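Okay, structure first, notes after.
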Amino acid sequence: MADSGSVSSSSLDSASVATADQVQNAARGRGQALSSESSRSWRDIFWSIVFIIHLIIVGFVLVILGLNRFKKSNRLQIDKFTNTIMENRVGLTEDYWPLFALAGGVGTLLGWTWLFLLGSFANHVMKISVHILTTYLAVISVLCFWGQLFFWGVAFASGAGLQFLYVISVIDRLPFTLLVLQKAVTMVSGLPEVIRVAYTFMIVMLLCMGVWSFGVAGIVASSMGDGGRWWLIVVFSISLFWVGAVFCNTLHVIVSGMVFLVLCHGDGESSSLPSKSLVLASRYAVTTSFGSICYGSLFTAAIRTLRWEIRGIRSKIGKNECLLCCVDFLFHLVETLVRFFNKYAYVQIAVYGKSFNRSARDAWELFQSTGVEALVAYDCSGAVLLMSTIMGGLIAGTCSGIWTWFKWKDKVSMVACTATLMGMIMAGLAIVVVESAVTSIYICYAEDPLLIHRWDIEFFDQMSEMLHQRLQHRSARAREVLTQYRFDSRREELAQA
């Protein structure tokens, strides 16, 4: 008996060792995909060309518009094209440029502070953003009404109401969401080289904003009427949004690649990590995968935000069948779009060098086939991080808006809106490092749960338990819908009989 027991024990140990070796070899195989030169080819080149051409054209136009009012009114004689259709006003670029400089400086300061406090107070900052954003929006609404800006007062009041309803609708999800964010923060704070890359991206983005704000200051100071100025500001704001999204998603790809390597190799200090892995990840992000990043940056942010709002509304509709039918139509439409445009595509881009559409499709099919999509849908980490980003933008916009109020009350809306966008982009660049870690954790959990198990056993158990609960919840809902459908069909048959 003793001999058979020892044989069984030794066999079990051998099997577990073999399994561990297989997992480690598979993980290293995935990690080597990032460092493989042969698997990399240029993807979505058309969109990278479009982005670069757009950047050159927009930059040139912004410089011209800024110079036309710099130090001298109508320096380049542009006003002769607008005099007959728009009103004449006197203003200089340097009158408004400092207001945008304040917004960029506040946004950068907030972003750098976030990165500096990443390892200790990041979770507290995210909790504060979730709970205080509604109050901050309401306060800004009151200030707008007090300043007789009724449109913006109603807009911010509506935003406060929607934010409050969304938080109420997902309040039960926040504990799990904050757990995932805490683990992501722990992961990223252990990669100081990634934090340095984020600082660098923020500096480069700040330089781009210097050119952008120079041109927009020229637009605000131009002889055009309010209608013409607003249209130009909207066009250039869309351009800045795309540029900011490209910067954020390029950083997203770099961080995702590094986090994926850490999870595959078990330790960021492991000697098994490929040499110069950060250099490789950065090089791929700005060369072969840059077109895919430019393409995805056009759509992912808007679709993600719409999806969060629809999910929050859908969960609180109740039994209003008419409204539920309309929301379900929108929900399925957005879910179809998410299949082709989702943030998890950037992890696939970072690791395997795929095109954006293929990466998004493969990531979504991976979640669907493993059931992890139920966990991803339950998690609200993206929405919580977006709240922190919006909070940073609102603070920057408020600072510039208050300064503008004391100098030019009729320019408050223009300056504050553009300043808010600048602040959101700078804060978003800092926050994207955590979002990248979250997406990488979910992709690794779907591909091989043992990767998470090797990294943090307790976190693996918590994720597995929550996934089991969500799958059970979905099964119960499916049975309830099927039962109701059968009951309704039977009732119709009896009525016809």
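Even glycines carry a Cβ here, placed using N, Cα and C.
The structure displayed is predicted, hence computed values, not measured ones.
Here TrEMBL flags 45-67 (among others) as transmembrane segment.
What TrEMBL records for 96-122 (among others) is transmembrane segment. Same-chain residues lying 6 or more positions outside the transmembrane segment (96-122) and placing a CB less than 8 Å from one of its CB atoms are 66, 181, 185-186, 188-189, 195, 198-199, 202, 206, 209-210, 213-214, 216-217, 220-221, 388, 392-393, 395-397, 399-400, 403-404, 411, 415, 418-420, 422-427, 429-431, 433-434.
The feature transmembrane segment is assigned by TrEMBL to 128-152 (among others).
Annotation source TrEMBL lists transmembrane segment at 197-221 (among others).
Sequence-distant contacts of the transmembrane segment (230-263) (same chain, six or more residues past either end, CB-CB distance under 8 Å): 27, 30-31, 34, 51, 54-55, 58, 62, 65, 187-188, 190-191, 193-194, 197-198, 201, 204-205, 208-209, 212, 215-216, 219-220, 224, 273-274, 277-278, 280-282, 284-286, 289-290, 293-294, 296-298, 300-301, 343, 346-347, 349-351, 414, 417-418, 421-422, 424-425, 428-429, 432-433, 435-437, 439-441, 443-444, 451-452, 455. Feature annotation from TrEMBL assigns transmembrane segment to 230-263 (among others).
Feature annotation from TrEMBL assigns transmembrane segment to 283-306 (among others).
Using a Cβ-Cβ cut-off under 8 Å and counting only residues 6 or more beyond its ends in the same chain, the transmembrane segment (383-406) has close neighbours at 99-100, 102-104, 106-107, 110-111, 114, 125-126, 129-130, 132-133, 136-137, 140, 147, 163, 166, 170, 174, 177-178, 181, 305, 308, 412, 415-417, 419-428, 431, 434-435. What TrEMBL lists as transmembrane segment is 383-406 (among others).
Residues 96, 99-100, 102-104, 106-108, 110-112, 114-115, 118, 122, 147, 149, 152, 181, 184-185, 188, 194-195, 198, 201-202, 205-206, 209, 213, 216, 220, 229-230, 233, 237, 240-241, 244, 247-249, 251-252, 255, 385, 388-401, 404-405 of the same chain sit 6 or more residues outside the transmembrane segment (412-434) yet have a Cβ under 8 Å from a Cβ within it. Look at TrEMBL and you will find 412-434 (among others) tagged as transmembrane segment.
Cβ atoms under 8 Å from those of the transmembrane segment (45-67) belong to residues 75-76, 78, 93, 97, 211-212, 214-219, 222, 232, 236, 239, 242-243, 246, 290-292, 294-295, 298 of the same chain, restricted to positions at least 6 beyond its ends.
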